[in-house]
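Following: one structure in structure tokens, then a few remarks.
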Amino acid sequence: MAFVSLLTILLAISSSSVALTEPVASMADQGVFPEQHGRGHHGVFPEEHGRGHHRGGREEEREENPYVFHSDRFRIRASSEAGEIRALPNFGEVSELLEGISRYRVTCIEMKPNTVMLPHYIDAKWILYVTGGRGYIAYVQQNELVKRKLEEGDVFGVPSGHTFYLVNNDDHNSLRIASLLRTESTMRGEYEPFYVAGGRNPETVYSAFSDDVLEAAFNTDVQKLEHIFGAHRRGVIFYANEEQIREMMRRGGFSAESTSASEQPKPFNLRNQKPDFENDNGRFTRAGPKDNPFLDSVDVTVGFGVLNPGTMTAPSHNTKATSIAIVMEGEGRIEMACPHLGQEHGWSSPRERGHQDINYERVRARLRTGTVYVVPAGHPITEIASTNGRLEILWFDINTSGNEREFLAGKNNVLQTLEKEVRHLSFNIPRGEEIEEVLQAQKDQVILRGPQRQRRDEPRSSS
């Protein structure tokens, strides 16, 4: 019983919980992920009934779980028969709990085979991750065109205000991109595209200028300008024929004909890098400010993790960074401790009752391909993979300089670092060896065997 009592102290979270009651937020619905082909109105996930706090017989998930997003929260930014761009809303609009990351936006892009995205720039720094397909990106830097090939697993950054375009030169597969924007607009969390080429659909930035200004700027008659700037009506993403695509590829620029262009950053592939951590349960790879100058400029770390079937990440938290995670493939679930939701439910606070009566809400959600979830700094979380297959997760850590990951369980758990006497006094367990037995029972670290595999493979420590 002593062991059970200690385990309860170590792992207890309020019995109240927040569960999803509708399909979880999915960019899979938008075709960002190659294994998802349909885009039905109701998404790809069956409705799940919750077991948390109910109001009127049903949870108000938007109010009580602001950390996981439904597919209907994605907004179409641009759409045509050749592809589309979608974005989550401003995080600050979703909940006051997310105002600290309102400057950041999550977007997704799908471009059908043999398509081009119009040249434009945005008032945001753009970190892209290629979730499927291949193609290339071209952007203007120091009055030169820099072209970089893209393939699945690549990470690349485009500075704010620099004109760029994307090309899918594949004959068969769509180019799919998930990305994070850090907006630079005076309107916090808002970003806009500025098209320097186009016509009627979409309009270009030239449409805002008067005819006489344009005539003078281009030294060209306004009738000819109207013909040029009014011809395109095919949308932001449009088809090109195979010969046009081949000509763009023949034109070169990938090896950079000038010294200044060759010095520009190149994509790096997270999937092909040596893992930062790996054991029998899974692995993860990450790149941050110290590894890439663009990531340094936005203070973001990008990571990619794989959990093998039936495994879990050890409960842990970021000391400083907030994580925005996207499930690339697989199924599972998350559990996260949150003190703020407990306060929203009206539970007593230390000031009200005069003692440290703190309640942690268990935030939980099913994970499927395309689920997006936010993990605020300091919030302990665990991701648990289904026994049916691997769980692959892409994440962006925001405000990552000086951040550390502290593990609350596993061989390297933070309690092991504390002085033994402090551990014994803090848990108020007379026999100190019981505490040490519990803390040393787990031989793995970072990625562990999950609940189902633990029950199947070996008995737990008991006394």
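The count begins at 1 with the first shown residue.
Any Cβ shown, glycine's included, is placed from N, Cα and C.
Same-site candidate for Cu cation binding, as annotated by Swiss-Prot with CYS338, HIS340, chosen from HIS317, HIS379: HIS379.
For the domain 'Cupin type-1 1' (74-226), the model's pLDDT averages out at 93. Around ASN399 (N-linked glycosylation site), the C-beta neighbours below 8 angstroms that are at least 6 residues distant in the chain are ASP299, LYS320, ALA321, THR322, ALA377.
Classification of ASN399 (N-linked glycosylation site) by DSSP places it in coil, neither helical nor stranded.
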